[in-house]
Amino acid sequence: MSLVKHRLQLSLQLTVPEVKNCKPIINASQEVADLLHLEKLCVLGHGNYGTVYKVRHRQTSAIYALKIIRGGDPSHEIKIMHSTDSPFIIECLGTYESVSGEKAIVMKYMDAGTLDTLVKANGPFSESSISHIAYQVLSGLNYLHAFNIVHLDIKPSNLLVDQSMNVKICDFGVSKIIREHESPEFWDIYVGTYAYMSPERLDSNGYNSRYVFAADIWSLGVTLLEFYVGHFPFLPTGEKPNWMQLVLLMRFGDAPSLPKEASEDFRSFINCCLQKEPSKRWTASQLLSHPFICRNSRFQE
C-alpha cells in the first residue's frame, strides 16, 4: 500500500523543466512576460514531442495552457502561432526557449477541454451542434488556407472548446507553410494521425500540390462524422484499427454510411468532404456556403 501511495505522489509531482532558464523567443505578451510567474496545476495532455499543462499566473490568478516541447523542430509551429490572428485558432500568448533547447508556448486556456473529450463523455452530438462546430472549424481552416498554411492533423483532440461551445483549432506541430513552387513530394507526408489522413496522403504518388489543402477537408469530414455517430466512423464501436487496416480502409474502402435519420443537408455536406479524389472535395470557402452551415442564421451574424 505504501508503494502505491509513493507512486501516486510521484505521478502528482508535475514539473515544468528549465523554467528558471527560459527566455522569450519573440516578445511575449505583457501578462506572461516571465514563466516564473506561472504555477503548474495539472497535466492537460501529452503529444509526440511534449506535454501541455494547465497553469495559473501567481499575481493575476489568470489561467493558461502551457505547452513544453521536447525534441523535434517546433519553429514552424511557433511561427504559425505568432503569425495567425483568428477567433477560430488558439491564441499564442508567448514563446520561450531554455538553455537546454526545450521550447515553451503559453496559450489561451479553453475550459471545456477538447471535442474528443466531450464526445467520449457525452456521446453523439446533434446536427445543430455539429453545424455550429463545422462553421467554426471551417472558418479557421479558410483563414489558414488563405495564408497558405495546411494544418495536416485536424481531429477531435486538436479542437479545443470552452463552456460556450466556442471552438478553436490547436496543435500546429505537423502543419506546413506552403511556399511558391514547393511540391509535397519532398515532405514527410506521413506525419499526423493515420485515422484522419486523406487517401492521397497515404499514397505518396497521389499527393498533388494543387490540392494540398483538401487533406484538411477530408480530416474534418471524418471528425464531424465521428461526432455524429459517437465513435471512429470507419469501424464498429470499440474496434481499434491497425496501420495497414487504416490504409486499406481510407484508400480502397467505401465512405461510411450515415444512419437513416441523418438529414439530406448533412449527408450532402459529408459527401462533399469525403470525396476520395481531392480535386472533387469542396474547399473550406465553398463549404461555408453549404446549406448545412447556412441553415443556422446565427452563424452569419
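In case you wondered, yes, glycine gets a Cβ from its N, Cα and C as well.
Heads up, TrEMBL stuff is auto-annotated, nobody curated it.
Residues or ranges marked as domain 'Protein kinase' in TrEMBL: 38-293.
Sequence annotations record features per position, and here TrEMBL assigns ATP binding site to LYS67. Residue environment of LYS67 (ATP binding site) contains 26 other Cβ atoms, counted within 10 Å of its Cβ in all protein chains.
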Where LYS67 (ATP binding site) falls in three-state DSSP terms: strand
